[in-house]
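Per TrEMBL, the feature region 'Disordered' maps to 27-49, 402-425. The compositional bias 'Low complexity' annotation in TrEMBL covers 34-45. According to TrEMBL, the feature domain 'LysM' maps to 358-401, 427-471. The compositional bias 'Polar residues' annotation in TrEMBL covers 413-425.
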Amino acid sequence: MKTLGHRGVATGICILLTGCAGLSERTTPAPSGEAAAQEARATQAPVQPRFQHPAAEAEVELLKSDAARAISAQPATEVEIEDDLWARVRRGMNMPDARDEPRVLRYIEWHQEHDHYLEQVTARATPYLHYILEEIEARGLPTELLLLPIVESAYIPRAQSPSQAAGIWQFIPSTGRHFGLHSNWWYDGRRDVHASTQAALDYLTQLHERFDNDWLLALAAYNAGQGTVSRAIARNERQGKPADYWHLDLPRETQHYVPRLLALQAIVRDPQGYQVGLAPVPDEPRIQVVDTQGQIELAVAADLAGVDLETLQTLNPGFNRWATAPGGPHHLLLPADRVADFHDGLSRLDDSARVTWQRHRIRPGENLGRIAARYNVTVGTLKEVNSLQGTLIRAGDHLLIPSPATPDAHPQATASATRGNEPTRQVEYTVQPGDTLWHVARHHGVTVRDLARWNELSTADILRPGQTLIIRTGGDTVSA
């Protein structure tokens, strides 16, 4: 039987992302030559995460934006917070105290030398911390697990490693699928903070039971794979050696993976004693999972909740497109104080306003591949939204096309239509640093969807400073 494995951070104590291993075991060859030299340098000092995916780096920059500050702004001093979430974390800690282990001490010393790093990660993680802590406590798990995404991804939801591990818990596709995290054109469950947290806690619980309730072995297996840890245990037992984590011959990466978490445990227990900055976090819900009751455009959901689109996208990085997936999941993470407004708006929203579609009349000689390319969607998407079992289509029939996908040949087809006799006026706007579609649309009194259509954009697109946008004013604009 093949065992599940997990690949976390890169070799040594560099904070690199390699994520969950696949269902089959992978061996880690001994480094040699330049690889060995790089590995030796890596064990001297951990560094900031490095990612392949540009969106992961963009996620870091969101900390500087108004949207991120609105979600995660913190009081300046601990005195200002009566109920600090870290105090709750300390009460729930239940893993071994290994602060005197040399490998753990090395990481404690690194954080003492780079004390701003933990503050930066905390700022990024703040929207999610209370939610994840609640899920951990509901299962009776040790609260140190709240710190594991710091080791895995520095709490960057869009983080993606060279081995294609993704999300704050760094699942690779195969392990993600095993735990119900499916990926398609619309959605990647590994980047969904809600879904991936459930999957990670399921996996960790399974590993804890598999290794006789030993959390250090469970964590090692989360990183290296069950088979790797089991073989190391069996090898030590045959040789009459202790079979606890500290005595096992494990891959170098795993030898440093668990100590990194235990160093964070020690620091969170006594940040002042270790003189490491740990920003206080209010012990109150910041986000809440809401049921969208079906597919919905993210811009529409943002309008209903009264938040800007950038905030919604930051909280819901699992959605790859401008809307939630037609086949689900039908949930979103929203700022907790906006949930009531969202539910109220959703109850009054007409079904036709959830997602805007175009109708494409099939011409002789057209096939799904050609139509999909014209509208910048996939064949699978066309089949899904039109309930097609195969690829056979007939001239004269109509296909529904998600409207933000602008056809290259006829961009005017997606422009907003006007009603009434008032003329429209077209103006040009030059994008400034920090602008988003939501900010520009709000400033000019138009909708995000209309602004995106006028400029052949998706509502999820990021604007570039200096970019020119067309804005149409006057008359009553309605989505085509």
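Just so you know, glycine gets a Cβ as well, placed from its N, Cα and C.
Each residue of the domain 'LysM' (427-471) gets a DSSP state, and the totals for helix, strand and coil are 15 helix, 8 strand, 22 coil. Computed over the domain 'LysM' (427-471), the whole-number mean pLDDT of the model equals 82. DSSP assignment over the domain 'LysM' (358-401) gives 15 helix, 8 strand, 21 coil.
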